[in-house]
Amino acid sequence: MVELHHGDQSHIEKCRTVKFNIGKLRVNFNPVVTAGSAVLIWGLVVFCLVETKVAAAHLPTWTRWVTDKWTWLYIGTQDSWAVFIIVLFFSKYSHLKLAKSDDEEPEFSDGSYFSMLFAAGIGVGLFYFGIAEPVQHYQPGTPGDPSGVWGNRFQGRYSDNQRAQDAINVTLFHWGIHGWIVYTMIGLLLGFLSYRYNMPMTMRTCFYPLLGDKIYGTFGDLIDILSVVCTMFGVCTSLGAGAIQLNDGLNRLNNNIPKSRESQVIIIWGITAIATASVISGIKIGIRRLSEICFALGMFIFFVVFYFDDTWFLLNVFVQSIGYYLQWIVQIGFHTDAFAQLGNAPDGKQAPNWMNDWTIFYWGWWIAWAPFVGVFIARISRGRTIRQFITYTLTVPIIYCIMWFSIFGAIGIKMEREAALAGIQCNSTYGGATSKQSSDGLFRLSCRPSTSMWFDVMDQYGGIGPFLSGISIVGLVLYFVTSSDSGSLVIDSLSANGHPDPPVLQRVFWALTEGACATGLLWTGGSKALSALQAASVSSGLLYTVILNFVCIATWRAVKYDTGDLDFDGPRFTMGIFDIFYAPSVGRFKRLAIAVVAPWWPMAYAAHKVDGSRRWLVMLTIAVPFYGWLLLLALHPLEAGLAYIGWSILMGFVVLGAGIRGKIRERYFIIGNMAEDFFAVLLLYPFAAIQMQEHMMFSKNPHADPGQSPPSTANGGIDAKVKVTVDMNGLNGSNNVFSRPSKLTRDNFSMTSYL
């Protein structure tokens, strides 16, 4: 067992590490994560630069495929995660602290903490989407253009007033609990394991309650590489897109500042320079103070507009929006646009692409940003209880988002309606699509670019309009800076195996890399290259959706281990499901080869051993659906329907295999559940088969002769860390063969895989 003490870095040092000094500058990084991330990042960036048209044509089809095939998964999992966090919030585990000692106080004040997590999470989106999204839900497409009439899933079904409120409600849905939940889940588990058990602050740590020390190997490196790539693409595409919006705003304030690629590149490097200085100064000085300034500027603009505009109308909208959100959150949260996506509505009132363009895009984008924001939030959450953490990452931000989007969304929709009543069209000289001047303070916002809408609304406030636009630009710049410096810090931490104080030289390297990526994409391919890279990043959210499901399981186990509700040193399979890669042997590879083509052999052996089933009968029962599936797949060219029958038959094989695994768990008191058994067989049937076989080959009956240990790894490669002879009080008075003799404490923490 590894002896850990507060501040000990021994867990970090288990990862692959390269350390050396360049004069007074130190270097400390994981060579696999750093090199792998760099190759993937620059490989895809160069592809987008060299083959811009190909990338712009093909990468967005990835998101379309995700929408067509996986909408149900995105929608269903977001709701499941929300339920999980709510249950955890009200559970007895909510008092546990993200700290070594339960007496430890939070590292940052409540105000600083909220400012930083908000600035890293969605700060820029407040300005970009605060007005644009509600307006686009209210009046999508071009007025009068038949191809865009049904761009909104609600449009044309009821009154204009109802459509206005639904436009705000959909926006709140995209920026409410369903969005923030992904940050909460990752930040909570990382903070809990990192601060309570001295685990490294990297995404690999999320799998520790499931895989144990295996996270320090290749699997953990792959998880961190994916996290670095997602973070880099997310930050640099936002930086490039933000430069376009900032260029638009600066041009409105000063016509001498052209809207050009040159101006946008200067903006990118100006932001990068400030972000680099901030990331060098660290969280407590640079990032913290900039976040507080950002939040203060946003609130200043909010209150000026709130008092200048129709205050009583805005208060009505705010209260009404809260009610709509609470009333419809369940229905809209489970809505998949199932019939609309078919595109065959006889009355034509449908938006087949709406789910792809909005909700699935948002969920993919939120999830792709989850490693970045989740790690950063965990980094600043030391000393808070689980309940406090959930409160600050869910309830407070959601209330703020409802306030912001309902107020600014209402202002934007009000202007759009007044412009329509005034007869302003997209081709109008004043207030039209390309107009630089309003028509009596009005613009037809639905005709305008999204990057212009915020500044269009600010212009209506008379003499202080330019002042508000100027403050908005400052706020946007600082929000981009906080996203960039937070992203650089997180990427450096991930590439340095979660080191709490990564070297300054590496922080600078990653900050400059972000600027270089954004510059290259914007200069060569413009917004098309940025959109292509963004599509790739959003598509990666599908893989992270699977990862987040495991994060839920790992979180629940972690808090139960901590309180003693689960025996951390309790029984487990003698072979982890991936142990063949960590403790390989000739015998194991032979068994794996057999399991690939004849899984009925190891499964029947395990079934016979665990409950005395007739081996030949079990073989036959398992072999028929397995080979039937393969046969029907082979006959697919003759009749397409046969393949679907085959997949249906395969479910019988999976259920039978999962049942055997479940019986083994039940007999040997192994932690797990039916869902884990099912997916282990469904997704990894050869590994699950030899896991069951080896357990029954090398284990003893837990009710007879519990004191004898299994054979050593010399014969079959069984994990030598498995111990025996621990009395399991309460389990029918019997001893348990596979539990360890030590008790989990925060100073004595090491494990092998439960899977």
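Glycine is no exception: its Cβ is also placed from the backbone N, Cα and C atoms.
Annotations in TrEMBL come from automatic prediction, not curation.
Looking at 314-334, 461-481, 587-607, the stretch flagged in TrEMBL as transmembrane segment turns out to be 461-481. In terms of C-beta pairs under 8 Å, the stretch of 177-195, 266-283, 290-308, 641-661 lying closest in packing to the transmembrane segment (360-378) is 177-195. Outside the transmembrane segment (222-246) by six or more residues, the chain places 30, 32-33, 36-37, 40-41, 44, 124, 127-128, 202-204, 206-207, 215, 264-265, 267-268, 271-272, 365, 368-369, 371-372, 375, 451, 454, 473, 476-477, 480, 483-484, 487-488, 490-491, 494-495, 510, 513-515, 517-519, 521-522, 527, 530, 533-534, 536-537, 540, 543-544, 547 with a CB less than 8 A from a CB of the stretch. Ranked by number of Cβ pairs under 8 Å to the transmembrane segment (390-413), the listed stretches 177-195, 266-283, 668-688 are led by 177-195.
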